[in-house]
Amino acid sequence: MKLELSKVVQGRCRLGQLKEIGRMGQHSLDIPGCLLYTHLGSVPHLTQDTLHTLSSLPTATQVTLSNMLWDLKFVLIDPTGHTTNKTVSVWGSGGRTELTVAKFMALQRTVQPDWYQAMADGETWQTGTSRKRVRKSVDRSLAHLDECLMVHQKSQELDGVSVFGVVEGGDILEERLRSARETAKRPVAGFCLDGFQTGAMDQALRSQLIAAVTEELPEDKPRLLQGVGRPDEVLACVEAGVDLFEGFFPFQATERGCALCFRFDVTPDPESAGRARLTGVVKISGETQPNGDLNCDDQTHMTRFEMDLKDKRHQDDFRPLVEGCGCYCCRNHQRAYVHHLLVTNELLAGVLLMIHNTSHYHSFFRAVRDALANDKMDLLRRRVLGTVKE
C-alpha cells in the first residue's frame, strides 16, 4: 500500500491516491474518499448485480468486526466498562463476546482482508471520561497493537496484509498526541482515528484535535476517520487532514426513509453545469428549506442534508428525487412512487433509496476532490451548507 499525494491545500487538505491495495497491488483509491459500507459483507438492500450498475464506487469495502461475529444494527452503541488489559468486548444481537488478541488475530487469518485495524480500547469517546481512564486506553491500545503486530509477522496467512494502528485519547489533547506519536513509531501502513464520531464532542474541538493529531503522523500514510459521515462534518475533517471516511451515511438515510438531496455543484457556467448533470452533480429544485437539524448530534435523526419521503407532501410530487441526478432511481421513478413504497412497507423502497443515496454520497466525494484540485473548497462548503446566493 502506497500513498501518493498530488496536492496539499493550506497545509492539511490532501488530494491524491492510495495505490497498490490488495494482495496483488491491483487496486487504488482516490483520496479524500470513503469506503463502501457493508452489512455482513454485502451492501444493504442491494444485490451484487444492482450494486455494479452504480458508477465510481470505491474499490475498498468495509466489514466491521461486529459484522464478522453477529448481525449488528448500525444504531447499536456498545456498552462500556467491559474492557480489560487483555480483552475488548464486542456486542451484537447475540450478546457480548470477549476478544483477546489471539482470538482477534484468528479472525483476521480467517477473513484475510487487504488491511485491518489493530485491536484497541475505544471506550473513552464519551464526554467527561477521566484523564486516568483515557491514559489507560492509550496504553492498552499501544500494547494491543504491539501484540497484533507480533502475531501478524508470524502468520503466513497474513502475508501482504496491511495493519492500521488506532489513535485513541478521547478529548484530551496530550493523550491524543501521545497516542499519535507512539503509534507512528510502529510499522503500520496507516492510521484509524477513533473516538471522534458524531455526538462524541463539539465539532470545533474535533477539528482542533484532528488537526493536532495529523501533524504528528507521517505524510506518506493514510488517515481513516471513524464515525463521521455528515457532509458538513466531512468537509471540516478533510480540512483538518483526514483522507478516508466510513460510508455508513447513505445507509442511515435509507433506513430513515430519506433521500440525500444536498447540493455540491461548484460549476458556475451553463456548459459545465450541463456536463455535471451527466456525471452526478445535482440541482435541488423546490427544496428551499432544510428538512432536518444541522446541529443534531444523534445519528438516528434526520439531518438537513436529506428529505423525508414518508412525508405526505411527496404523495403527489412527480419529480425525481433530485433533479439532474443520473442514478437509476432518479432516471426512472418519482418522489410520489417512492413515498408510496415507503408508506406501504414495500422492500423496493429500500432498494431505490439505497441506489440513490449511495450514488449521491460518492458523487459528493468526487466533488470534494474536484474542489481541492481547483481551489474551490470554500465554494463547495457554502454550497453544501446552502449559503451560496443564486
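The backbone N, Cα and C atoms fix where each Cβ goes, glycine too.
Heads up, TrEMBL stuff is auto-annotated, nobody curated it.
Bear in mind that the values here come from a model prediction, so they are computed numbers and not experimental data.
Taken straight from TrEMBL:
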BINDING   Cys325, Cys327, Cys330, His356  Zn(2+) binding site
DOMAIN    82-385  domain 'tRNA-guanine(15) transglycosylase-like'
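Ranking the binding-site residues Cys327, Cys330, His356 by C-beta neighbours within 10 Å puts His356 at the top. For the domain 'tRNA-guanine(15) transglycosylase-like' (82-385), the predicted model reports an average pLDDT of 88. The Zn(2+) site, placed at the center of the C-beta atoms of Cys325, Cys327, Cys330, His356, has further neighbours from the same chain whose C-beta lies within 8 angstroms: Pro320, Leu321, Val322, Gly326, Tyr328, Cys329, Arg331, Ile355, Ser359, His360. Other C-beta atoms found within 10 angstroms of the C-beta of Cys325 (Zn(2+) binding site) number 24, with every protein chain shown included.
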